[in-house]
Each structure stands twice: as C-alpha cells, then as structure tokens.
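Q: Got a structure here, written out as structure tokens. Questions coming.
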Amino acid sequence: MAHKTRRIQVGSVAVGGGAPVSVQSMCNTDTRDVAATLGQIRDLAEAGCEIVRCAVPDREAAEALRAIRAACPIPLIADIHFDYQLALIALDAGVDGLRINPGNIGERWKVREVVKACAERAVPIRIGVNGGSLEKELLEKYGHATAEAMVESALGHVRILEDLGFDRIKISLKASDIRRTVEAYRQLAACCDYPLHIGITEAGTTWSGTIKSAVGLGTLLYDGIGDTLRVSLTGDPVEEVRVGWEILKSLELRERGPVFVSCPTCGRCQIDLIPIAEEVERRLHDLPKKITVAVMGCVVNGPGEAREADVGIAGGKGQGLLFRHGEVVRKVPEAELAEALIEEARRLAEEE
Ligand code: SF4
C-alpha cells in the first residue's frame, strides 16, 4: 500500500499526497554560466525533467539564479550548504524550492531568517541527509552512518523547522548503497508523512548507476515509498531523466512515450534481430504516445507478444510479419522490417 504523505508544491509541480511521482535532475554546469545552465535545463526539460536543481556554491551563483529562473521552463531548486545568505539571495531570485539542512546553517536567527523568507513565498525546503556527511555526534552514537543514524539526523533537521512553525518540508535520505538507503527510507516512512525525495546517491556511471538506481528506487516505489525521484549518474544528467522515467514506466506509475518489448533472441531466430530492435528503440523513443512496440525473433513466442503489443514484428526466415492491434498487416522482407515497424508505430500514434 502506498505510503501516505502530505502534499507540497514545488512551483507548479505537486509533490506528495498522491501526486504523480515526479522526475528530477541536477545541472552539472557552472551555475554562474547562465547560458550553459539554461541550455542544459532545456535539454533536461525536453527529456522529461519536471524539477531541476542547481548548485549554489557562492554569491555569484546565487545571483545568477535570477536570470536562470526568468527563463527556466520548469521549477528550479537552489542547492545550498551552510550559508543562509545564499539561501536568501536564491529566494529573492525567485527559486521554487531550497535544498538546505537547517541544522547546518548555524545560529538560530539565521535559520529563522531563511524559514521566514520561505514561508512568505510558499517555498518548500528539502532536508537532504547524505550518509557521507552525517553529524559527528550521530556517528559516535551509532558507530557509523547506519539507516537509524540517517533517520535520526533527518528528524533532527525536521524538528528545527517544525519549532519555527514551518512544515513545507520534503526529505531525502541518500546513501551510496541500496540496502542502507532502502532501510532508511522504510524507517522514515513509518514515522512521518512528509513527502519523500528518493535516490541512490553517487550510484556510479551510467551503466552501473542505472542498475543500482533501478533496483533501489524500484524496491522503494514498489512498496509505495517515494513522491519524487532523482537518479544520480556520473554522466550526462539527461540520462538521469531517461532512466528515472523508465523506472516509473516499468512499474506502471507514470506513462511517457512508447513501451518496448523485444526478445533476447536464441537459436530459433532467423533474422538479424538485435540491430532492428536497437534501431526501432532509438528512432521511436521520442514518440509522444504510450504505444507498446514489440520486436520478436520467431514464431514460437513472437506472434503472441507481437499481437498483444499495439504494433510489432515477429521474424521468420529472411522476413517477418508486421502486426497491428493483434492483426497481421503484411509480410515484410527482413531488410525493411525496422522501417515498416517504425512507420506503423508513427501512423498509429498520429491516429490515436
Ligand atoms: Fe528465441 Fe523466438 Fe523467443 Fe526470440 S521469440 S527468444 S527467437 S524463441
């Protein structure tokens, strides 16, 4: 059963309270370079990014947020460590959310200033606990950064905000290993109803990070935990967005573009299927409609899968059958199979 959370608003995007799980990413450009950052944000938005975050390491970066916000097509979050003045500049620049840990800001009056500015603008704060930077006292108490220590850290930050009457809160608890992350989120979900931003931090390169994120986030989402997600990859952040969407699509939590089905091939396959499947996926990935596209190697499982899909092919000897909504459209020579399937999928998308 889904973990029930309260809803907050990050600009135009609702997070929690049954809202669709949103896909986030973070720019890896220098925030002070407004043109480069906006260019990346546009690429991210086109790939389906719904909320974007920028690092704010100094005053110049905080001031650049004004120009970025003015042209940013999606809600913008400022990621700030320690410095309350940077948070105030970012809020003044019009950001839609802050990621800052109140326990790291310092004196109470500084936290109060930030919370007051957030409350006036209805801007939420994400508390982002990272297993790699836990408070010294908690490391001493628990021996190392355990799931319990991460949860205690998050609740400590939450209490600071609640004591100031602020509850537009979102929480993340990221560790670089799946077991600890999943355990921490489960424990936190059992004891609070703030919306949860989920992710496996420092997950790795596009290949290994995709697998880790799919396993970790998939486990949480299958349990109904998670209101917004970020896949962290050492690579192009656009890939983070694509992976995030594929995770949500595979659990049928969101829909975006086509769903691909293809067989692994085996000794029964009599066409060169792998390049066909790759070409079909590459050329159809930006199709705006949810259409199931099947690429199957032979007549054993092929026609069944191809029939159940909206469009599909099932290979034979040097040729294949093209299906649409379970009906055979025609026989197609092997060399034309990819093109025929792509055309049929595009036609169907236009008609529907
Ligand atoms: Fe093998 Fe046919 Fe199954 Fe593909 S669909 S894996 S070719 S049996």
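A Cβ is built for glycine as well, from the same backbone N, Cα and C atoms used for every other residue.
Fair warning: this is a prediction, and the values are worked out from it, not measured in the lab.
Found this in TrEMBL, in case it helps:
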- CYS263, CYS266, CYS298, GLU305: [4Fe-4S] cluster binding site (BINDING)
- 5-245: domain 'IspG TIM-barrel' (DOMAIN)
- 260-345: domain 'IspG C-terminal' (DOMAIN)
Q: Name the secondary structure element type, per DSSP in three states, that contains CYS266 ([4Fe-4S] cluster binding site).
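A: Reduced to three states, the DSSP call for CYS266 ([4Fe-4S] cluster binding site) is coil.
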Q: Just to be sure I understand, if DSSP states are collapsed into helix, strand and coil, how many residues of the domain 'IspG C-terminal' (260-345) fall in each?
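A: Residue counts in helix, strand and coil order: 31 helix, 26 strand, 29 coil.
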Q: Determine the Cβ neighbour count for CYS298 ([4Fe-4S] cluster binding site): the number of other Cβ atoms within 10 Å of its Cβ.
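A: If we count other Cβ atoms within 10 Å of CYS298 ([4Fe-4S] cluster binding site), we arrive at 21.
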Q: Which of the listed binding-site residues (CYS263, CYS266) has the least company, meaning the fewest other Cβ atoms within 10 Å of its Cβ?
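A: Candidates: the binding-site residues CYS263, CYS266. Fewest Cβ atoms within 10 Å: CYS266.
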Q: Which number gives the other C-beta atoms within 10 angstroms of the C-beta of GLU305 ([4Fe-4S] cluster binding site), all protein chains shown included?
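A: The answer is 18 other Cβ atoms.
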